[in-house]
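For reference, TrEMBL has these:
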- B:102-314: domain 'ABC transmembrane type-1' (DOMAIN)
- B:9-29: transmembrane segment (TRANSMEM)
- B:102-125: transmembrane segment (TRANSMEM)
- B:137-166: transmembrane segment (TRANSMEM)
- B:195-214: transmembrane segment (TRANSMEM)
- B:253-275: transmembrane segment (TRANSMEM)
- B:295-320: transmembrane segment (TRANSMEM)
Amino acid sequence: MTQISNTMSDPIYDAVMASEEREMPPLAGEQTTKEGRSYTAKPWTLIWWRFRKHKLAMASLFFLIFCFFSALFADFISPYRPADIDKLNTFVPPANIHLFHDGKFQGPFIYALKRSRDPETARVIYERDTTKIVPISFFVEGPEYDLLGLVPTKIHLFGAADKRQKVNLLGTDSLGRDLFTRLLYGARVTLSAGLIGVAFSFVIGLFIGAIAGYYGGLVDALIQRLMEFIRSVPTIPLWMGLAAALPIAWDPLFVYVLITFILALIGWTHLARVVRGRFFALRNEDYILAARLAGASEYRIITRHMLPAMTSYIIAAVTLAIPEMILGETALSFLGLGLRPPVVSWGVLLQDAQNLRSISLAPWLLSPGIAIIFVVLAFNFLGDGLRDAADPYGR
Amino acid sequence: MLSLIVNRILWAIPTLIFVSFISFVIIQLPPGDYVTAYVAQLRHSGEYITELQEAAMRQEFGLNDPLLVQYWRWISAIVMHGDFGRSLEWNMDVKDMIWDRLGLTLAISTLSMIFTWIIAIPIGVYSATRQYSFFDYIFTVFGFIGKGIPEFMLALILMWLGYAYFNMDVGGLFSRQYETAPWSWGKFVDLLEHLWVPIVVLAFGSTAGLIRVMRANMLDELGKPYVETAYAQGFTERTVVWRYPVRIALNPFISTVGWALPALFSGDIIAAVVLNLPTTGPLLLKALQMQDMYLAGSFILILSVFTVIGTVLSDILLAVSDPRIRMA
């Protein structure tokens, strides 16, 4: 074949050469530097370059960073405290922020709330009084808190300039608690539960997957069976069963850790499968054989030669596992078997929106659900982008 | 072929033992036991029970025996006599309570699975053969959104939409006048009117996922030489696509039928609680909240057993449909 293409003209070869000749000259200078850069770039730089092209994944990354920061600084961003009850402000609809009043720029403000009663049903009706404006000012004083648990302060990002008025961006619930505040505090619990649950399942999955993939044979067969056993149990009933067995009287923090652990008990199988598959693929690589021939210990081969080659895959798999954990936590809490009030998580918040009556009365109670959808989507996009970027044979 | 089927069925046995053991452990997990609960119930109704009587009862029910002995007694009663124990909360035999609800759960799960396939396969094929077309993008977006929306959220949103814009109550399986009525044509039509909501809720997420899988499988197959050969022989596109690559692209579907079942059961539980359906979900939830553990454990056991059977069936189906697996 090579001889033929040397002596006779190979149309494909010619076409390739021609196209290269056609494209090369004008781009030559730029091409070499770019090529040179990608030859010397470290694997992580290459992954980052590939990831950066994924617009949706980049947007998701920024969105998630934004979410985690909002959760971290929830007490600063939110104008109130999550448990502050206001009996005169129950089921207040969300307030729209306006900038112009009567065609004049006013800075951000909301219209004041007018409270009246339905003469027939005696239900409280709220209306926005479009003549009275409540300006929103920034860095106002509010309830005291410790910023990051360290700095005691009273400053909140925003709030009503007039202390007697309230700014409820997402409305209030049946006890008059500010939903925006609760959403931010709930983000702390829900998002961190996702991360901690994945951390648990990551440790279990990595350990067991590595053992199965590295040793193979009987050990692998046994572990494969075990994983099949676990996956043949329907997830939610098992989670429910385990979660229901936790005593209600325990410390909420402890329950929280146990719930994430229960989520991880099932979640690890997916990670273990990814790790095992990669180990199988890598085990027969020449460079692993070379390391073995050079006398490297098993521990060294696994940690220095095999794990670095699969980190990117593991990161992608972990990212894709986080939304599963978040959905698991919310589903359990939503059913009343996971976290319970007074702990605030998105699942706990959605408990208020469980029946038709409250949804029809106060549809804004569904907003934690919208938040869940966005966060889960963002994690999925991010994971997809990472997976594509981590694949060296991808486009 | 026969040996493969026998082999799969034999492998299912340890799995079944494992899931039944897990279910039993769940029954045992909460503090206290059957007698504690029973005595509390009796005391509540005014009867006087001494410590001694309590201990005697424990002895009689064999609650002091080791866990494995108790497990053996529990599982052999189920296997030999179909006796699942007694529900304290309802004061009924568990076996009288579960079969109706299980039937409905199975019906809804099966229907939504069929629904998923009917929708996902043609769309997946379309998306692959018309890659990067307008509708391909639409379906891709739909696929991602379907992955992101949890079942209970979808159920809540549908409920709200139904209430706010169509002024109808989409919860439950029957209208009020048919709830206790005997089966009739009117009741059947009424059932169909309510049934679509849980089926859409359950099918939505899995449809989205399966469209993605089908599209990826088809794209892998469409580039292969045998497809080109088929085109070269002058078949129409429809014949080529549906007769060859689709059949191969379906394999992963068949092998995941078994995995789809636990997901459907899980989804059914949450959707049923929200939509107030008379399926296993709400009763299981109630049983768990009341720590009515025999009832809860039986549900978990039966749902798991169905899953294991589903997995075995899908393995066998896969062997039937794919000679490469059958011959290996």
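Cβ coordinates are placed from backbone N, Cα and C, and glycine is handled just like the others.
Here the structure is a predicted model, which means the values were calculated and not measured.
The transmembrane segment (B:295-320) shares the most Cβ pairs under 8 Å with B:102-125, out of the stretches B:102-125, B:137-166, B:195-214. B:195-214 is the stretch from B:9-29, B:102-125, B:195-214 with the greatest number of Cβ pairs below 8 Å to the transmembrane segment (B:137-166).
Within the same chain, residues 67, 70-71, 74-75, 293-294, 296-298, 300-301, 304-305, 307-309, 311-312 sit at least 6 positions outside the transmembrane segment (B:9-29) and bring their C-beta atoms closer than 8 Å to a C-beta of that stretch. Panel annotation: around the transmembrane segment (B:102-125), residues 139, 173, 195, 198-199, 202-203, 206-207, 210-215, 217-218, 241-242, 246, 249-250, 253, 257, 260-261, 264-265, 268, 272, 277-281, 302-303, 306 of the same chain, lying at least six beyond its termini, place a Cβ under 8 Å from a Cβ of the stretch.
Using a Cβ-Cβ cut-off under 8 Å and counting only residues 6 or more beyond its ends in the same chain, the transmembrane segment (B:195-214) has close neighbours at 108-109, 111-113, 115-117, 119-121, 123-125, 127-128, 139-140, 142-147, 149, 151, 154-155, 158, 162, 170, 173, 249, 252-253, 260, 263-264, 267-268, 271-272, 275, 277.
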